[in-house]
Amino acid sequence: MEKIIVRGGKRLNGTVRVEGAKNAVLPIIAAALLASDGKNVLSEVPVLSDVYTINEVLRHLNAEVVFENNQVTIDASKELNIEAPFEYVRKMRASVQVMGPLLARNGRARIALPGGCAIGSRPIDQHLKGFEAMGAKVQVGNGFVEAYVEGELKGAKIYLDFPSVGATENIMSAATLAKGTTILENAAKEPEIVDLANFLNAMGAKVRGAGTGTIRIEGVDKLYGANHSIIPDRIEAGTFMVAAAITGGDILIENAVPEHLRSITAKMEEMGVKIIEENEGVRVIGPDKLKAVDIKTMPHPGFPTDMQSQMMALLLQADGTSMITETVFENRFMHVEEFRRMNADIKIEGRSVIMNGPNSLQGAEVGATDLRAAAALILAGLVSEGYTRVTELKHLDRGYVDFHKKLAALGATIERVNEKVEEVKEQEVSDLHA
């Protein structure tokens, strides 16, 4: 088992470049199945375990996939298999994103019920509701969900009960090859939705309105391979914004898109953090003293749930009482107990977490409970006394490329070690980046 060991006390300074967006690339790779003619070439693809997983799903479905030098080339022109098995889907719930493309291409899709981070129930009922509205029949049982259509999918007017990102992406992809026009209302507005729509349109689809609450998809007969560059990862950018703020540092985050970070920027400026938009990206300068604020997670353009745990780490250092309310996912406070192990004054009240600060955090051995919690615990370790050891790094590797190396390059005392060499002396660890 691997661990990240971090020693607190260093101000982080320098420049870091964010990767292509994990939450954009996964549905885009899945949507590449829609192209029955030609190859799709995707650039700015992050080297993440989730990307390898979705690539394996596509290979199982009989697509040819090559991943090298941050570029994925996909040829899905052969006849596709219809089933994504549990061995892949259990690792990552984004595997369910192949369902819409398979249904549109083959008229049938059979997907194991999804896995991924253990964040509440995260049902896929909105995905299935959309498929049914387009004429598909859906059956759920024996650990699988199966959808099939006699003939072809038909355009429909679909209203989502909640602006689900995954459902918006899956329905939008399926509708590209449906007969007629699909109007998707109360659609998710995230930048990743816009990126997927741009890719679909590059393949020959007719998608309009992505990024608004109403998306209109006019079905076409066929889609073709295309070239597409993945947008930068706004959550990775936000995570490094917190790294600068929490350590009182000064970091230029290259490749960050300011327009994608408005809600994060607003809250951090409210806390006293200085944020400067530059040509290369976003520069973040941490203050000597952070102010307490309240945050409520919301669908875009509200504050992103994927930044909740990182902001929690930051608010533990703020002067006064802060509250975070989680409205998007249930059961996304499992990291609170790990913060308590670090001597944090923090408690859960319903769907909210209340923090009193600033906290003098103590290094401890803590376990990552999900992807973003892994990053948050490392961020907390940057300002803790002594050594923090973070385990369950499989979560971290799903969403961050070389996170510890990027932090080390900014001045953090941090190393990733295998348990076999865990007996390394603390002094040796502290000297790693002296």
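Note that Cβ sites are derived from N, Cα and C of the backbone, with glycine treated the same way.
Noted in Swiss-Prot for the protein shown:
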ACT_SITE  C117  active site, proton donor
BINDING   K22, N23  phosphoenolpyruvate binding site
BINDING   R93, R122, P123, I124, D125, Q126, D306, V328  UDP-N-acetyl-alpha-D-glucosamine binding site
MOD_RES   C117  2-(S-cysteinyl)pyruvic acid O-phosphothioketal
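Within the set of binding-site residues (N23, Q126), the lowest number of other Cβ atoms found within 10 Å of a Cβ is recorded at Q126. Highest local Cβ density among the binding-site residues D125, D306 belongs to D306, counted as other Cβ atoms within 10 Å over all protein chains shown.
DSSP gives R93 (UDP-N-acetyl-alpha-D-glucosamine binding site) a helix state.
If you compare Cα positions, N23 (phosphoenolpyruvate binding site) sits closest to V328 out of the binding-site residues D125, Q126, V328. R93 (UDP-N-acetyl-alpha-D-glucosamine binding site): 19 other CB atoms within 10 A of its CB, across all protein chains.
Put simply, D306 (UDP-N-acetyl-alpha-D-glucosamine binding site) is 12 Å from K22 (phosphoenolpyruvate binding site) when counted between their Cα atoms.
Cβ contacts within 10 Å of I124 (UDP-N-acetyl-alpha-D-glucosamine binding site), excluding its own Cβ and spanning all protein chains shown: 20.
According to DSSP, V328 (UDP-N-acetyl-alpha-D-glucosamine binding site) is assigned to coil rather than to any helix or strand.
Using a 10 Å radius centred on the Cβ of K22 (phosphoenolpyruvate binding site) and all shown protein chains, the other Cβ atoms total 24.
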